[in-house]
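Asks: One structure is given below, represented as structure tokens, and several questions about it will come after.
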Amino acid sequence: MAKSLLLVLCFALVTTLGWGYSAPPTGTTEPPDVQTVAPTEDETLQNEADNQENVLSQLLGDYDKVKAVSEGSDCQCKCVVRPLGRDACQRVNAGTSRKEDFYTVETITSGPSCKCACVAPPSALNPCEGDFRLQKLREADSRDLKLSTIIDMLEGAFYGLDLLKLHSVTTKLVGRVDKLEEEISKNLTKENEQIREDVEEIRTEMNKRGKENCSNNILDSIPDIRSALQRDAAAAYTHPEYEERFLQEETVSQQIKSIKLLQTRPLAPPEVVKPQRPLQRQVHLRGRPASRPTVIRGITYYKAKDPEEENDIEEHQDEFFSGEHGMDLLIEDQLLRHNQLLTSATRRPAATGRSAAVTADAGTTSAGTPTTALPSARLPASTAAPSTPDPAVSASVEQFSTPLPTTSVSPDPTEEAVPTPFTQVPATTVAHTATQQPPASAPPSAAPEDAFVEATHTAPVPPPPVRTDSPGKDSTARQGTVPPGPTLSPEEEDDIRNVIGRCKDTLSTITGPITQNTYGRNEGAWMKDPLAKDERIYVTNYYYGNTLVEFRNLENFKQGRWSNSYKLPYSWIGTGHVVYNGAFYYNRAFTRNIIKYDLKQRYVAAWAMLHDVAYEEATPWRWQGHSDVDFAVDENGLWLIYPALDDEGFSQEVIVLSKLNAVDLSTQKETTWRTGLRRNLYGNCFVICGVLYAVDSHNQRNANISYAFDTHTNTQIVPRLLFENEYSYTTQIDYNPKDRLLYAWDNGHQVTYHVIFAY
């Protein structure tokens, strides 16, 4: 064994010496006086990058080639090799060889004192050499071969491996890897230095800003909120001293003091409760002549809600002033006035059966004259008792059977005067149960002076039914308590349309995009709540995740200063989510479920499954151009767009448009349409005024709105409206009916489009 290893080492030494003393290659050589310009480092790296695919082929290109080793001066060697074919070696192994089944290596030498040797690995001459030796080794036990024979076979195997060449190749590869590591280390050092500089700049900027954190800005913005709310006399919802129980007691005390100026008959004094906090709101009263007595039976107050609580569905118990005095505040000048309607600037026309005053049971007065309505003041139909009736109060109300005359109230100077005789309100209109219905929304800003609002305290009365007025809607009185979940009646849907606006008719043009910000990854979505009074912006970065980020306004969004974040209990998929009426609607990742997440209470408010959705079980982890389940909002409310199988046709996948109940996420067959749009054949889609629009491409700069489906007429057209994807990678398009804008996420850029209607 030692002898064999010694032979291998000697042969390697001879081969190395032979290569070292080999004659230089013939041909032209470069003159020594010509200076070559060394390539720069950038050129070397560029050449390495260009030739990176040929590195291994260059290193291993002559691995199986025959090499000539020469020794001596002026020596020329030539090797002529005739290898054995694969079929020939198989015939040799099978014992059916032919005369031509052999290989030769011929050496041709020229020149004095020249020694040449042709070196060829067995793999280049006999392709079956390795298989032959392996077969012999396997048969060694049965043939009882000697150890020397096995050593010879191993030597041949090592020789066939060409270890010297492998060592050379390995050395070159190691050298290249070392060079790569050195370059990477330099680049990492530069990047680390740049990162340190950036971190220092960020720290310096943060130190300069100081207390400009979003959490501290909440306290700084309270004076702005107060100044904005001073335009509305009843909107004092941001201060704890204006809680409803204190407001009622203090206001009642003020009004009772003002009534002392009037000559009234002795009344049972009400239960006096000392105000726990000083009253900051002044109730403006106008003095009345002492010779005209006034009867006060009940007082109704309105309390606006916090913008964060405007969509909260909580039923507060009514805290009326006790009605045992038999008084009713009918003086127009002493009512709390509002500066704007509750819903929108456009006021709905009043119905013929409505009037400014509530219709009472007695249709005629004591003098036989029909009852007329007051233009500005409202007469409550009854003194609504608390939800838990007090026995003493009930007894006093039942004993009170004599109708009390009331004084007529002069109308507002801005309105037409209507002669109003004294009216009688029978005591039978008193109800012992009352329900409180929350106002539709908080007043956004100033409004006409003649408009005022009452909290809708409805009281069930025998026929004729009592109607209570709330700005922008008519609602009949109902008995019992309101269910905890909100129900969208047609009147309330009209209120929503009044808040976010009504349809402007046919879509005519979509203007070019306006880039608002650059934020986040290539895929994502940003949106605003069309029913909110503030300008908050919500962002979902990427098409998969579970964190919703909130910004107070667009300016904070541009600065990257988020004000809140919501960790969702279930992840979303896609970019088709929306924020509507204080809730986040999205499709749970890798499921058929849609979820409504209440942003104020931070819990899942509703959950539903789309049974007919054409869901791909093996959804690939890549963006496919649009979301499978897409929510949309327009002037009519909440919509849902998703693919489903067309049962009536040839079981093709079609896009379904369905009106979604925002409360329980339910859909109705009457408001569900199967469109002619096909899956994966469009870019993004959105809904405007009950019409579904689809863009033909999401990654072409100049695209078109190539499809429109009208839910009013059940017709579909090809509008061919131009739509520009400025950054050629739009992953979200959503319509906001409040702003009349399209919000889009285009390759990490947040852009908006103005919507222009034909009329």
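Cβ from N, Cα, C; glycine included.
What Swiss-Prot records for this protein is below:
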type	residues	note
COILED	40-68	coiled coil
COILED	179-209	coiled coil
COMPBIAS	356-396	compositional bias 'Low complexity'
DISULFID	Cys503-Cys689	disulfide bond
DOMAIN	502-759	domain 'Olfactomedin-like'
CARBOHYD	Asn187	N-linked glycosylation site
CARBOHYD	Asn213	N-linked glycosylation site
CARBOHYD	Asn704	N-linked glycosylation site
REGION	346-396	region 'Disordered'
REGION	456-494	region 'Disordered'
SIGNAL	1-20	signal peptide
Asks: When the Cα of Asn187 (N-linked glycosylation site) is compared with the Cα of each of the recorded positions Cys503, Cys689, Asn704, which one is closest?
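Replies: If we rank Cys503, Cys689, Asn704 by Cα distance to Asn187 (N-linked glycosylation site), first place goes to Asn704.
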Asks: So among the disulfide-bonded residues Cys503, Cys689, who's got the most Cβ atoms within 10 Å?
Replies: Cys689
Asks: With every protein chain in view, how many other Cβ atoms are within 10 Å of the Cβ of Asn187 (N-linked glycosylation site)?
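Replies: I get 10 for this one.
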Asks: Using the alpha carbons only, what distance in Å do you get between Asn704 (N-linked glycosylation site) and Cys689 (disulfide bond) once rounded?
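Replies: It is 19 Å, counting Cα to Cα.
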Asks: Including all protein chains shown, what's the count of other C-beta atoms within 10 A of the C-beta of Asn704 (N-linked glycosylation site)?
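Replies: Result for Asn704 (N-linked glycosylation site): 17 neighbouring Cβ atoms inside 10 Å.
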Asks: What does DSSP assign Asn187 (N-linked glycosylation site), in three states?
Replies: helix
